């Protein structure tokens, strides 16, 4: 008696076996591209303010695009400020002015931690970042702690990593945003019930 043909059962429509990762022709898996975002910082601040509250992925995308937009506005305003004063760099003390111009009126009054001052024994931020991906200032310009290197020829502001870190250290602003987002979410949830 001939044996019946054995077929593998077809995967169900919604099963995970049917969905496979995209592969190249030679059989290697594609690497996932890395995307930088502020989502981990927003999440940390949210958990510090409201430990029992979570955030949706779409809301995190909104917060991420908001922070990118604010950061670009501050960089552009800092570039204009340096151009008006005929300077190639701005110090950490002068970086509060662009923040006051770009942010809402209530933000500059909230307490903001000052940038740490560099002692002679600690290296400058451009010297302390090892690796090929580290950005450093041109050798003709002195490195500034929490400063901003702005090319005079263009209005594009190239911020050093110390400015980015000091921007992320302003947790009072992020806490304010996280609490506003939580209040909006609570109000939105109560409307639809």
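Just so it is clear, glycine is given a Cβ too, placed from its N, Cα and C backbone atoms.
Annotated features in Swiss-Prot:
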COMPBIAS  1-12  compositional bias 'Low complexity'
CROSSLNK  35  ubiquitin cross-link
MOD_RES   6  N6-crotonyllysine
MOD_RES   6  N6-(beta-hydroxybutyryl)lysine
MOD_RES   16  N6-crotonyllysine
MOD_RES   21  N6-acetyllysine
MOD_RES   21  N6-lactoyllysine
MOD_RES   35  N6-succinyllysine
MOD_RES   35  N6-(2-hydroxyisobutyryl)lysine
MOD_RES   35  N6-glutaryllysine
MOD_RES   44  N6-lactoyllysine
MOD_RES   47  N6-methyllysine
MOD_RES   86  N6,N6,N6-trimethyllysine
MOD_RES   93  omega-N-methylarginine
REGION    1-33  region 'Disordered'
REGION    111-136  region 'Disordered'
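In this view, the densest Cβ surroundings among the modified residues 47, 93 belong to 47, judged by other Cβ atoms lying within 10 Å.
Counting in whole angstrom, residue 35 (ubiquitin cross-link) lies 18 from residue 44 (N6-lactoyllysine) by their C-alpha atoms. Reported as a whole number, the C-alpha separation between residue 93 (omega-N-methylarginine) and residue 47 (N6-methyllysine) equals 30 Å. Residue pair residue 44 (N6-lactoyllysine) / residue 86 (N6,N6,N6-trimethyllysine) shows a Cα separation of 39 Å. Between the recorded positions 35, 44, 86, 44 has the most other Cβ atoms inside 10 Å of its own Cβ, all protein chains included. The DSSP secondary structure for the residue listed as 'ubiquitin cross-link' is coil.
According to DSSP, residue 47 (N6-methyllysine) sits within a helical segment. Cα of residue 47 (N6-methyllysine) to Cα of residue 86 (N6,N6,N6-trimethyllysine): a distance of 43 Å.
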